[in-house]
Structures are given as structure tokens and as C-alpha cells.
């Protein structure tokens, strides 16, 4: 067997970066689950709260599970790169005269399990003064007892976790620089999986942000419903709102009772209108949370071949992550389809090969599709293009930014 010209230390360094990413991401996911568990039962157990939570809770569970998959994917990349490093080191040792004693198998990182937490369904905020006065006219509707403050804390937890996952993933950038520049011909499978995990981590972080916005939006819907109901009750009782609390007393006497009943009927009908709209808002909001949950499940499917891989000392880079994600090395030099584009410095976190033309347009290499992503000088995505012909393959993608 001919020696493989590869600096094993570069692979060991890359493996250590993924070990750090794995540990950091594990802390992020556990902290997220703890925050979700602390403020559980805040969406409400009224009809609208039940509707919203019926889509949010499964999406939240899938999201945390998706984050755990990212943790384990980082761990698998550590194992893959560490075994590949030992493989290269031992190949060189065995080709020496006399042969040297080969290194033992490297340590394999432990698999993380998805942390448990309670869902958002449930609520314990008390109805305001005057609610009982109109309860007979509510047609079965109940007080929206979700807690906006707790929901906003959940939103913050999701956003913090999104940043934490991206930071963990971005910390592996130097591995890209070293391996692509020194071993792009030898490790296409490892590089393909590195690219797949980077993309998956970004996708999970995006879903975390979506779930965070969903929590904020639902908190606002609850507050709006509360404010409208309190205003109706204030008018019905005939007193003002002081610091958001309805204050008032009923006077004794038949006339007062009769007036209260008539007012209660009118107020009840108005509150029912508010609650019907509140129910409709809950139904509309489920689209976002369902999509977030489905996206997290999709990430798990994409990563499954890697997560199930068992790299060995002599089979560290063969089909370790399946064949669903490709690695296409960038062209050497310029882009035939864009002759005015010249190579420019790579930037993190992904450190993709880049070119820039005379007009300031930026071209970044898409390693999975073997094409270039074109951006304006203002970083606006202009679409995916064939590097050889300059033909546009895909339309612009809203929100896509260079460097990732």
C-alpha cells in the first residue's frame, strides 16, 4: 500500500474542534430544555390555548430532539476525523523501515440523549373581576389563561439556543480551512459530512428562531385578548381600569340586579366575539409551529446515516455518512462562466471558496451542488449559477447571506 501524504495532526486538530462543538452544543440543548421545563404550562388550557399548544408542543419536542441530533453529529464527526487521523498516522508508521508500532483506536465520544421537559399546554392565570357576571352568556368559552410573561421567556430561550448552536458550529471553521486546502482530494466523504452537519445545525437554529417568534406572537395574542376583555368588563361594570385591574362594586336591590343582567348579556356577546377571533388566531398560528417541527424531523432524517455510522481504524471515511450529501471541490483558479471574477479571501464561519467581479458581485462555492451562489455588492442573494456556463440554476433565496 502506498503512503498517504496527509498530515495526521491536521485531522486530530479538526477532531478536537468537533469535540468542543459537541460539548458546547450539548450544554446549549440542556439549558434550553431546562428553560422550557421551568416555564411549562403557559399557553393556556382554554380552547385557543389547546389549539396553539397542540402544534407547538410537538414542534418543541422535535426541536430539542433535533438539537440533540446536532450534538451527536458533532460527536460523530469527531470520531470520524479521529479514526481517519489514526489511519493516516498508522499507514505512515507501517510504511517505515522497520515498521513502527501502530497507534491504538481513538476514544469515541458518548452519545447524548434528548433531555425531557414539560409542554406549554396549560395555564393558571385567574379571570378578572366581573368575569363571573358574564359567564352565563359565554357559550362555553373560558378565560384565556395563558401567561404572556412565561411565553416570552420561552421565546428568549429559543433565540439564545439558536445563537448557541450557531456559535458551536461556527467554531469548527478552522477544520474547513485545514482539510480543504490540504486534503480535498483524499477526504471527500468526511468533508461532505462536515458540510451536511454545518447546514443541519443552521437549519435547526433557524427553527429555534421560528419557535421563539411563535412564543412571542402567542404571548401578544393573549395580551391583546386580555386587554379587549378587560375593556368590555370595565364598561359593563361601569368603572375604570386601574393598573390593568377591574375595580368595582355591585349595589344591592332589584334594579341593580336587572341592570347588571342586561349589561352582562351585552358584554358577554362582545367577549364571545373577542374569543372567537382569538380561537381563529390560534388556528392560524399552528402553521408556523407545524412547519418548524417538520423541519427538525427532516434534519434527523438527513443526519441518520452519519448518526448510525461506526467508523473504524481502517474504514473511517467510507460511507460513514451515506451518500445523500455530496462534496464537490471548487474549481482551481477562476470561474469559466464568470471570467471577470477573481479569487478573494475566504471568510467564516464556513470559509467557502469565493470570487468577486469588477462590479463587486460576490460568488461563493456551494460544495453540495457544485455551483456558485451569487450575491450583489450589498450581500443580496441573486441565485445559484453554473460555474462553467454562467447559467442561472435556481432563483434568489430570501434571507440567504454569504459566509454561511
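Heads up, residue numbers simply count up from 1 along the chain you see.
For all residues, glycine too, the Cβ spot is worked out from N, Cα and C.
Because TrEMBL annotations are produced automatically, they should be read as predictions rather than curated entries.
TrEMBL lists transmembrane segment at one of the ranges 185-206, 207-228, 229-250, 251-272, namely 229-250. Secondary structure of the compositional bias 'Basic residues' (343-353) per DSSP, as helix, strand and coil residue counts: 0 helix, 2 strand, 9 coil.
Secondary structure of the domain 'Colicin E3-like ribonuclease' (329-401), assigned with DSSP and counted as helix (H, G, I), strand (E, B) and coil, comes to 0 helix, 26 strand, 47 coil. Averaged across the domain 'Colicin E3-like ribonuclease' (329-401), pLDDT for the predicted model comes to 88.
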